[in-house]
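Asker: Sending over a structure as structure tokens; questions will come in a sec.
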Amino acid sequence: MGHLGALLFLLGGLGALAQICEITEVDSTLVERLGQRLLPWMDRLSPEQLNPSIYVGLRLSRLQAGAKEAHYLHSLKLSYQKSLLRPSSSKDGNDSEAKPSMGQLALYLLALRANCEFVGGRKGDRLVSQLKRFLEDEKAAIGHNHQGHLRTSYYQYGLGILALCVHQKRVHDSVVGKLLYAVEHESHLLQDHVSVDTMAMAGLAFSCLELSNLNPSQRDRISLALRRVQEKILKAQTPEGYFGNVYSTPLALQLLTGSLSPTVELGMACLKAKAALQASLQHKTFQNPLMISQLLPVLNQKSYVDLISPDCQAPRALLEPAPETPPQAQVPEFIDVVLKVSGVSPSYTHSVSVPAGSSLEDVLKNAQEHGRFRFRTQASLSGPFLTSVLGKKAGEREFWQVLQAPDTPLQQGIADYRPKDGETIELRLVSW
């Protein structure tokens, strides 16, 4: 009986671990500080700076911004409704006049659902039609033989399907089928370090489709693909506990916290991820508003899939602005950063002196002001990204990759990353 009792105790312990992924009991002060970082962004109401993910993240969190939330949603509605009345493209290249991308439009639909609104009426039907048209265009770009290439990304493709799903808007089986094929064959989704984000977004779309049963003829295939995505994400966990990297972990956890297939492996992976996130919060790792807005729901045991049936009456604590720290009078410390550009002729290498704590974008601006260096960026919800360096524009299926020399891709954008003294940053034009 003694051996039997020990066995039962062990099985009971394993059973306790085989539970849904939970990220609970995170220091509330750290969570509040995380939310406070979003407040200044809610004062930026120009069309190119409005970010629907901020609204979604707060509504799915334990925090609220009071009247500022309603004003922000009103600004989003005015901007996106106005964008639908504009011509398809702006030939003068003015980004502020451009129509929203597929990802931006999808996030706006998530924001409406976060306010317990279903799209409807003439304006709502136009939004839905526009997003469906984006998806159909991307489906055509992939092609019947799956050898083509998306104009955007499978991340945006999955986000588009998810946004329509939470509004109970069905997309054609053939549209879903392209995302299923990509997951089943992996090559489209697992090409680089951002694949965990893409897989997680695809998984969230599959989770919504499975729960809503909007494509019943694909139900079995959707369920299998969802399990495949979850397994791949678990295998991508690093020794530190992150899934892929620290910035892809929030979206991965959104998927895993909604898993309906509890296992010991899942429970252990989430415990490890929780410890890693706690450390990252203490070190103020998360500064980008998109990443913060993906993490806040996780800390409230929520995900984008919960927008199928959001709880708009749930109590949330009011956020107060962080107290301002008076500036200290001191001589600024300067650092030297070596900026290197490859993929152009002639090549470029130059040392730039900037105040300590400057962003990489500040480094690029300094180099532009004091030498022959030139660059251009385009705004996105995750921050500006490079479109042209030294007059060389990234062409179709090309992009300017930013690396820590000699060969480490940056995990942050140019507005978020802060180089260290003596560091070499390389800008490299690469094809994909």
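Glycine is treated like the rest: Cβ placed from N, Cα and C.
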Asker: Of Cys165, Cys270, which cysteine does TrEMBL list as the disulfide partner of Cys208?
Answerer: Cys165
Asker: For Cys21, what is the disulfide-bonded cysteine listed in TrEMBL, choosing from Cys270, Cys312?
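Answerer: Looking through Cys270, Cys312, the record in TrEMBL gives Cys270 as the partner of Cys21.
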Asker: Give the maximum pairwise CA distance in Å, whole number, for the residues Thr152, Ser153, Tyr154, Tyr155, Gln156, Asp197, Asn245, Gln294, Leu410, Trp432 listed as binding cyanocob(III)alamin.
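Answerer: Across Thr152, Ser153, Tyr154, Tyr155, Gln156, Asp197, Asn245, Gln294, Leu410, Trp432, the widest Cα separation comes out at 26 Å.
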Asker: Determine, using Cα-Cα distances only, which of these disulfide-bonded residues is closest to Asn245 (cyanocob(III)alamin binding site): Cys21, Cys165, Cys208, Cys270.
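Answerer: The smallest Cα gap between Asn245 (cyanocob(III)alamin binding site) and any of the disulfide-bonded residues is with Cys270.
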Asker: Just the number: how many Å between the Cα atoms of Cys165 (disulfide bond) and Leu410 (cyanocob(III)alamin binding site)?
Answerer: 33
Asker: Drop a 10 Å sphere on every Cβ of the recorded positions Cys21, Cys208, Cys270, Leu410 and tell me which sphere holds the fewest other Cβ atoms.
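Answerer: Per-residue Cβ counts within 10 Å for the recorded positions Cys21, Cys208, Cys270, Leu410 bottom out at Leu410.
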Asker: Taking every protein chain shown into account, which of the binding-site residues Thr152, Gln156, Asn245 has the largest tally of Cβ atoms within 10 Å of its Cβ?
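Answerer: When each Cβ's neighbours within 10 Å are tallied, Gln156 tops the list.
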